[in-house]
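Chemist: Annotation comment: TrEMBL describes Asp238, Asn268, Gln270 as Mg(2+) binding site. Among the features that TrEMBL reports, domain 'Transketolase N-terminal' is placed at 87-305. Residues annotated as domain 'Pyruvate dehydrogenase E1 component middle' in TrEMBL: 495-705. Annotation comment: TrEMBL describes 718-849 as domain 'Transketolase-like C-terminal'.
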Amino acid sequence: MNIRETGFEPLTEEEKALENKEWLEALEYLLGEQGKDRSREMLRMLQNHLLTKGVSLAEATLNTPYRNSIPTHEQPRYPGNIELEQKIENIIRWNAMAMVLRANDNGSGVGGHITTYQSAATMLEVGFNHYFRSRSEEYGGDMLMVQAHASPGVYARAFLEGRLTEQQVNNFRRELGDGGGLPSYPHPRRLPDFWQSPTASMGLSTPTAIYQARFMKYLENRGLKAKNGGKVWCFIGDGESDEPEVMGTINMATRDNLDNLVMVVNCNLQRLDGPVRGNGKIIQELERSYRGAGWDVIKVIWGSEWDELFSRDVDGVLQARMDRAVDGDYQFYTVSDGQTVRDHWIDGDPRLEELMKTLSDEEIRCIRRGGHDRNKVFAAFDQASKNTNKPTVILMKTVKGEGMGHSAEGQNTAHQKKQFSAEERIAIGKRFGIPMSEEAMAEAQLYLPEPESPEAIYLHEKRHQLNGYLPAREVRAPALTTPDLSLFKGAVEGTDRAQSTTMAFVRMLSGLLKDKDIGRYVVPIVPDEARTFGMESLFKQFGIYSSEGQKYKPVDASSLLPYKEAKDGQLLQEGICETGAMASFLAAGTAYANFGVPTIPFYVFYSMFGFQRVGDMVWSCSDSMARGFLLGATAGRTTLNGEGLQHQDGHSHVTASTVPNMKSYDPAFAYELAVIVREGIKRMFEQGENIFYYLTLYNENYPMPAMPEGIEENILQGMYRFKKNDESGMKVHLLGSGSLMQEVLKAADILQEHGCSADIWSVTSYNELAREAMEVERQNMLNPENSSKNYVEQLMESEQGVFVAVSDYMKSMPNNIARWFPDSFTALGTDGFGLSEARPELRDHFEVDARYIAWSALVGLYKKGSITQEKLDEVRSTLRIPTMKLNPVSL
């Protein structure tokens, strides 16, 4: 049968109505007799049949009507005392607002946000009273991530619970205040016993939540955590969903069947400056995205006041109007009076006019959105908590600034509302029923119910029923025993066989994975570059983690190194998703606190695509006090040859220097790497320091020397003398790092030919040297009567001559420590963009090869008067150093 879009006799409206009635009656019969699953099966079959006939639905089939997903008759009975919970919520709303007002009344200008929490208060209170469960012996514990701008409400609740003092609350955004203060947003580093995860960089809480939930399953499947439950509850804003990290990571949650994850999107329809989707519907847009990604989507749009109207909407006219209105309209209704709303809503439709007659103008104006209705919120949370095999997202419609009056509710300026007049404060206090004088309201005083009041008793009882208070962060992981350096025997003893530091690391990692004490805690992470880094041998030995195991036979099954996925696999293969891989690092690096398991993450990535790609996530790791190792492989702007501008990294160590608790190293030899890795394990997982490491690994092969005796501490401090030249001649000191140490060794031979005696120093970390030197400088400033010398000054105390430092990174690294050297200091580095070229040509271009290192030393000697112009001209000719050359920075 050839169906065409035209050529059929159109039905009359009566005929359409009759036909529609017959179809609906048939569906009702099917639903009543055979249930939901069979009804879905039939609809899917009908749709597929149309598709086989070439008929596709023009509009998305991923949207449901603009109404609550859970019908009224399926709502569970609310288990709490609604009246008492409302009183508690109002007190918390008041104190959350008062906290911000008081912080600004003192003239400090520290800011704060009021309206976000007011929109999220009801949903959070339903969660705190009935769903958010703390850890116990029987239950794994929930993780709670709230919108950063809603933090005053969480503080206000903790104040009622007695977990925060009045002094702390009064010092909101004044962390250095007497008696302690509170940070602006959720920052575990600032409140390490309180916040579980940072959420202040909007968009990052979503991948954080997804990968925390996934890591929880990883630990369970590997037997490192009991399968005793635990959910991740993550609250974000609808405007925040525009961040690419949000939509870009939601597919992972479905692939791994993360039924332990609940995302709640606070859809108050407003972002910081105005509507999220004034001309559209953000809830419908998000529904399509999440449903398309395979999530269970629950919409909470309308409050209970609409239920009776829906029951009388037999013709669907009310639903049609709801579907037609855009978010800009709904925001307009929030700020308008009842009559204006009625006229705009009816829009000349007599059927709607008749339907709305039962409501007064005031009732129309006060109809609540679903996110402010406890019954609707509870029903959504109930369904989400029982969901299995897939993640859940709840799209909760609210009003930004709910309860704050006309100057804030739904206004485009709501986000910036940080002050209220005395009259507005009094009106809000009375609206909330706060039992205090008008004078106290005008001063925005905090209100704390008596300990024996019904509100206080109820508040604590509910939390005790849920195992305790949240959010809460508790470190309870056991300390690990640091392996002996003999575990890395091959690296320590060295080898004449050429190998890269990347290869040396992979062998160390393999040894750690096999270690009987800590091996099971090691978590290798790669973003689809394992073969690039020579890590494919780990596939078969330790398996790639997959929540579903391996349902197929890999094409390389018969090879020595097959691609092996396993439900208890140890390696996290994250695909081409640096944000996801970094989120896995964060989850593994904080498992010691969140799950009581001291996992040791080793995240190996293209060094260029670390800090530059996910620098914000690195900062979040720092805030979270994550522990572990970040390893920038294929490092160095000239060592990674051929790849070009976007791949060749010459500045990740500069970026690493901006992270206060990150220890960054650029090792040249395998034994340096071994010493650093062992020390990192000791400091982080035995001694419990809240630090993490960044190490660069290179792909250039060269012989690895044996470790000299007694230099372990020097390696860790950042610098040691690798080779001393006692022969007579003009004294030169060459400082090398990473792969360019090989050029330094060649340069020393060149200088020897020209009568120079070169000592060679290995600099493992310019950042560590600079930090130590600046700390000594600071102490000397504070205590000038007891001045001391920094580590570099101590090393160089009896040295003289010319100093030349070179690395495959920017010149700013060695220049950070230049002023503490006793004589002429020249820094060579790779400032500028990378190029697609071979390694020798790249090093010539960036002026960091052996020729330029030797030449720089000789120029230093010339400036000191140690060699003549004639000698310098002779060397220039021999080394082929041009007098005119393009500056690498300019290309």
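Including glycine, each Cβ sits where the backbone N, Cα and C put it.
Caution: TrEMBL annotation is automatic and unverified by curators.
Give me the lay of the land around each of these features.
Modeler: In the three-state DSSP scheme, Asn268 (Mg(2+) binding site) is classed as coil. Within its own chain, Asn268 (Mg(2+) binding site) has Thr116, Ser119, Gly237, Asp238, Gly371, Lys397, Thr398, Val399, Lys400 as residues 6 or more apart in sequence whose C-beta sits under 8 angstroms from its own.
The average pLDDT for the domain 'Pyruvate dehydrogenase E1 component middle' (495-705) in the predicted structure is 97.
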Chemist: For the Mg(2+) site (Asp238, Asn268, Gln270), what does the 8 A shell look like? I mean other same-chain residues with CB within 8 A of the CB centroid.
Modeler: Ser119, Gly237, Gly239, Asn266, Cys267, Leu269, Arg271, Val276, Ile282, Thr398, Lys400
Chemist: Mind checking how the domain 'Transketolase-like C-terminal' (718-849) divides into helix, strand and coil residues in DSSP?
Modeler: 55 helix, 29 strand, 48 coil
Chemist: For Gln270 (Mg(2+) binding site), just count the other CB atoms lying within 10 A of its CB, please.
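Modeler: Looking across every protein chain shown, the total is 30.
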Chemist: Once the chains shown are all counted, how many other Cβ atoms turn up within 10 Å of the Cβ of Asp238 (Mg(2+) binding site)?
Modeler: 26
Chemist: Once the DSSP letters are reduced so that anything not helix or strand counts as coil, what is Asp238 (Mg(2+) binding site)?
Modeler: coil
